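Just below is one structure, and these are the notes that go with it.
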Amino acid sequence: MNCSAFSFWFVCKIIFFFLSFNIQISIANPQENFLKCFSEYIPNNPANPKFIYTQHDQLYMSVLNSTIQNLRFTSDTTPKPLVIVTPSNVSHIQASILCSKKVGLQIRTRSGGHDAEGLSYISQVPFAIVDLRNMHTVKVDIHSQTAWVEAGATLGEVYYWINEMNENFSFPGGYCPTVGVGGHFSGGGYGALMRNYGLAADNIIDAHLVNVDGKVLDRKSMGEDLFWAIRGGGGENFGIIAAWKIKLVVVPSKATIFSVKKNMEIHGLVKLFNKWQNIAYKYDKDLMLTTHFRTRNITDNHGKNKTTVHGYFSSIFLGGVDSLVDLMNKSFPELGIKKTDCKELSWIDTTIFYSGVVNYNTANFKKEILLDRSAGKKTAFSIKLDYVKKLIPETAMVKILEKLYEEEVGVGMYVLYPYGGIMDEISESAIPFPHRAGIMYELWYTATWEKQEDNEKHINWVRSVYNFTTPYVSQNPRLAYLNYRDLDLGKTNPESPNNYTQARIWGEKYFGKNFNRLVKVKTKADPNNFFRNEQSIPPLPPHHH
């Protein structure tokens, strides 16, 4: 080998060594590289509040756990993010996306932390969390009957600020005030006004989305296909939602509620249930009559602890007490509703009554409770949901209720919400959420518990109920709801860029015939599948474009 050839070979080897070393450093230190990249977009200013946390920060675990609503996912073995970004403006979101792409981190976007499977803050591969807690402004314009809501706001904040501006307006979102609007709206979002006004997603008229290239898009610039997709198809599949523009709805100055408990043997509860399932979805849209069954631990006459099951029937009626009592006595006399069972409340007070975070009868509360993001007790839980299209036979419902007595239940509950009303009139393709005409009610099964070591036992109990009810619920496919995400339906490999065949199995359960349109939108908006998780919408493989 001559000298010049040797020199060239030596130089090439040195270059290759340094390139390899740099690549190894890049792979070994994605956290440091993310911080370096972020500082290039957003120069560090010590005067600004801290909004980036790494595993070396004292507040890291506090920030991470603060909005994890399901205590199943707070164990030491739960995968943790390398970085948590808590943006205070859109530029922080843009930098988070661009830097995550650059250093090879996946992104999980968290609004309120209620994801049933924890996918808004858990990944099996290296990841960063974009936690939107600091972006929670609600700007209400009563003149146009609209509001811009940042995606980190909670439902409680939305209801509170609308009510502050005008108590005759509200928004048709869910019951739980600590749920974040980022996920709730983008998955559909049902609640007390569903039979009047449809879902939360049916009442969204604009949005700000930060896409895979870090660009901020509104409805006009994103186009109608992408705007359609983020309202019920899961916004996290297409980018990060920064804000929603919502259409306010009119509510009466007073509404009437009742919530009655029925403590009787199972056959008596089933008789009431059967009457409920025959009529609840047929009522005028001004009445939402729900029911739920739950376990209670009581002490019998001999001082022994035992489990019993109580039934509860609860209403929200957009009218007066006399009208509601008259309606119930004519249509559902078995329930025995009396005037003394009812309360006439302002709309905001009905929201608080059904919020689950206060005891309305004993608490000295104000509507400011809706602003408390930590209201309510956190537990570990598991949940599955079904849609019912035909009456469940009484004999079957007896056996379903009997499962609440099984030892593995923890605190078990079945909750049933009637559909019908305007839900029957909205096309199943209006937004990606397809569960409209033909759905009588939704039925969900849940167990809650305290100890981490009991996780598997109680999760398996919920699975056993779900398996038992198979013949009595929707079929071919068995329908599901994105906001009650269920990884038992199937999951894709988040490291794999193309998972269409796998994803179709669960995608058609969530979205029905809308799944293929979502895939086409994804293929155009995020062809390399940067925004992905175990149940994300996949793009089509390149040869299928």
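Backbone N, Cα and C atoms are what each Cβ position is placed from, and that goes for glycine too.
What Swiss-Prot lists as active site, proton acceptor is Tyr484. Following the DSSP three-state reduction, the secondary structure of Tyr484 (active site, proton acceptor) is helix.
Across the domain 'FAD-binding PCMH-type' (77-251), the prediction's mean pLDDT works out to 98. Summarising the annotation, Swiss-Prot assigns domain 'FAD-binding PCMH-type' to 77-251.
Cβ neighbour count for Asn65 (N-linked glycosylation site) (all protein chains, 10 Å cutoff from its Cβ): 15. Residues or ranges marked as N-linked glycosylation site by Swiss-Prot: Asn65 (among others).
For Asn89 (N-linked glycosylation site), the number of other Cβ atoms no farther than 10 Å from its own Cβ, over all displayed protein chains, is 13. Taken from Swiss-Prot, the feature N-linked glycosylation site covers Asn89 (among others), and the record attributes it to sequence analysis.
The N-linked glycosylation site feature in Swiss-Prot is assigned to Asn168 (among others); the stated evidence is sequence analysis. Following the DSSP three-state reduction, the secondary structure of Asn168 (N-linked glycosylation site) is coil. Asn168 (N-linked glycosylation site) counts 16 other C-beta atoms within 10 Å of its own C-beta, drawing on all protein chains shown.
The feature N-linked glycosylation site is assigned by Swiss-Prot to Asn297 (among others). Around Asn297 (N-linked glycosylation site), the C-beta neighbours below 8 angstroms that are at least 6 residues distant in the chain are Asn305, Lys306, Thr307. When secondary structure is read from DSSP and collapsed to three states, Asn297 (N-linked glycosylation site) falls in the strand class.
Asn305 (N-linked glycosylation site) falls within a strand when secondary structure is assigned with DSSP. Annotation comment: Swiss-Prot describes Asn305 (among others) as N-linked glycosylation site.
Under 8 Å, Cβ to Cβ, and six or more positions away along its own chain, Asn329 (N-linked glycosylation site) finds Ile337. Residues or ranges marked as N-linked glycosylation site by Swiss-Prot: Asn329 (among others).
Among the features that Swiss-Prot reports, N-linked glycosylation site is placed at Asn467 (among others). With a 10 A radius on its CB, Asn467 (N-linked glycosylation site) counts 10 other CB atoms from all the protein chains. According to DSSP, Asn467 (N-linked glycosylation site) is assigned to a helical segment.
Long-range Cβ neighbours of Asn499 (N-linked glycosylation site) (same chain, at least 6 residues apart, Cβ-Cβ under 8 Å): Thr492, Asn493, Pro538. Taken from Swiss-Prot, the feature N-linked glycosylation site covers Asn499 (among others), and the record attributes it to sequence analysis.
Residues or ranges marked as signal peptide in Swiss-Prot (evidence: sequence analysis): 1-28.
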Residue pair Asn467 (N-linked glycosylation site), Asn65 (N-linked glycosylation site) - Cα distance, angstrom, rounded: 32
Of the glycosylation sites listed as Asn65, Asn89, Asn168, the one whose CA lies nearest the CA of Tyr484 (active site, proton acceptor): Asn65
